[in-house]
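**Q** Per Swiss-Prot, the features are:
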{"type": "COMPBIAS", "residues": "63-90", "note": "compositional bias 'Basic and acidic residues'"}
{"type": "COMPBIAS", "residues": "91-108", "note": "compositional bias 'Polar residues'"}
{"type": "DOMAIN", "residues": "163-331", "note": "domain 'SUN'"}
{"type": "CARBOHYD", "residues": "Asn25", "note": "N-linked glycosylation site"}
{"type": "CARBOHYD", "residues": "Asn378", "note": "N-linked glycosylation site"}
{"type": "CARBOHYD", "residues": "Asn381", "note": "N-linked glycosylation site"}
{"type": "CARBOHYD", "residues": "Asn408", "note": "N-linked glycosylation site"}
{"type": "CARBOHYD", "residues": "Asn448", "note": "N-linked glycosylation site"}
{"type": "CARBOHYD", "residues": "Asn486", "note": "N-linked glycosylation site"}
{"type": "REGION", "residues": "44-108", "note": "region 'Disordered'"}
{"type": "SIGNAL", "residues": "1-21", "note": "signal peptide"}
{"type": "TOPO_DOM", "residues": "22-541", "note": "topological domain 'Lumenal'"}
{"type": "TOPO_DOM", "residues": "563-587", "note": "topological domain 'Cytoplasmic'"}
Amino acid sequence: MANRLLIYGLILWVSIIGSFALDRNKTAQNAKIGLHDTTVITTGSTTNVQKEHSSPLSTGSLRTHDFRQASKVDIRQADIRENGERKEQDALTQPATPRNPGDSSNSFLSFDEWKKVKSKEHSSGPERHLSRVREPVDPSCYKEKECIGEELEIDLGFLTNKNEWSEREENQKGFNEEKDIEKVYKKKFNYASLDCAATIVKSNPEAIGATSTLIESKDKYLLNPCSAPQQFIVIELCEDILVEEIEIANYEFFSSTFKRFRVSVSDRIPMVKNEWTILGEFEARNSRELQKFQIHNPQIWASYLKIEILSHYEDEFYCPISLIKVYGKSMMDEFKIDQLKAQEDKEQSIGTNNINNLNEQNIQDRCNNIETRLETPNTSNLSDLAGALSCTSKLIPLKFDEFFKVLNASFCPSKQMISSSSSSAVPVIPEESIFKNIMKRLSQLETNSSLTVSYIEEQSKLLSKSFEQLEMAHEAKFSHLVTIFNETMMSNLDLLNNFANQLKDQSLRILEEQKLENDKFTNRHLLHLERLEKEVSFQRRIVYASFFAFVGLISYLLITRELYFEDFEESKNGAIEKADIVQQAIR
């Protein structure tokens, strides 16, 4: 019974291994179908089947048949796979719709390039506007009291009328009268005054009372001996200014008055190499009055002003200075002036644009409605016509320089200093104020931010267009690839069905052969088991015999051991008695 159970267990184990191998081959085939690797599937499956179902018996003819069938299937599948790959490559390498490289609407430009393009587009607008040439108007359409202006234009009354013009003149007269009545207490601000925290930084050692020059008092003055080798004074101004005017005075009698002096400025002190910026050398009059000296080229924003006395009138002992005043333009003043100029230029440009934007057709229609009293219009003799028409123009005539100011500003934004042919030095342009630099930076940031927003919008539009084109192209490619994939999959499925049928037949044959081999194997093992049973019974008998012999031997040993112990005890007792006798004898 035990032998039969063992045999049935072996058969069940072999069948489980075979089914597991078949399932593994099927899963491998299903996993590799999508990758078009059918050749690997066929070879792997045949080898796996042959490895799993290999038997001790030789099946050489069957294996050669399997390899031939597999090689034929591999060749056909390789041809189909090559055709599919060629189709896929043709689909992937299809040329996209060509783009015009010069078209900026379809190309991605950098921010700087895009900014240049936009600036050209904006600048082309006024150029087109300025390039228009007006046709001459026929003077026969003028009335009797109308005359021709400097630009061959007449007053049509669309900007001003008589009432408005008279009101404007009256307002201007009233304003001028009020301005004359007003009392002005102080026209300029003295930046070298002690009231606005101006101080004396340095003077020559012989000078006494240098701070008195900052106070408007005739009783206090800077006292300096005329024999001093260097006579100078350094004043720290209230603010950083462009020095435009200096007033200096000596009210003291019986003293020498300064004759020539040098004015220098600086933006910091102490200086590294005493690099003062010289504004000029001036010559004063020999008088006891406040003398003014204009600075035509301020050059830098000055925080410190230095006055050096070079020569004097007369030969008195003391050469005093009673008062020093410094006038100029601060950074905030210059900023406000620039703002006002920009606003005036803007208003003037708006006015000129309004005049230039008049429609010629409207003027011609207006002229047609005007009654003409000239019998024979003579366009060539304009001087006689102007003399006959004695009237005054209602519009204020625009000067030639003012008319072309906007046009010149568009073509010449930066004024360049033209060097004269004489040997005089070129005046240095004053540096810009911090407020002007800040406003320039802010305006640049504002323009850049607005341009950045528009740039991002345009780039997003370009991206959306390009994404749409890419989506359409990928849709076409994907549909083409899907058709090719379906064709290849159907062909591969047909080949796999054929291969599965062949594999099924081969596996059935192999299983039948394996069954026969298993039967032979079980019979052989049954014979071996019978022999083992006989040997086990014989060994059992030998074990029983050896066991009984061992038990007898142990019993014999135990019996003989008891006699030995008794003899040993007797000899031991005799030895002890002999030892006692010997000890007693010794004593």
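Any Cβ shown, glycine's included, is placed from N, Cα and C.
Values in this document were obtained by computation on a predicted structure and should not be read as measured data.
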**Q** Near Asn448 (N-linked glycosylation site), how many other Cβ atoms are within 10 Å of its Cβ?
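**A** Asn448 (N-linked glycosylation site): 13 neighbouring Cβ atoms within 10 Å.
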**Q** Measuring Cα to Cα, how many Å separate Asn448 (N-linked glycosylation site) from Asn486 (N-linked glycosylation site)?
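**A** Approximately 54 Å lies between the Cα of Asn448 (N-linked glycosylation site) and that of Asn486 (N-linked glycosylation site).
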**Q** Per-residue pLDDT averaged over the topological domain 'Cytoplasmic' (563-587) comes to what?
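**A** Summarising the topological domain 'Cytoplasmic' (563-587) by its mean pLDDT gives 72.
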**Q** Specify the secondary structure state of Asn448 (N-linked glycosylation site) as given by DSSP, simplified to three classes.
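**A** Where Asn448 (N-linked glycosylation site) sits, the three-state DSSP reduction gives helix.
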**Q** Who sits close to Asn486 (N-linked glycosylation site): which same-chain residues at least 6 apart have their Cβ under 8 Å from its Cβ?
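**A** Expected: none.
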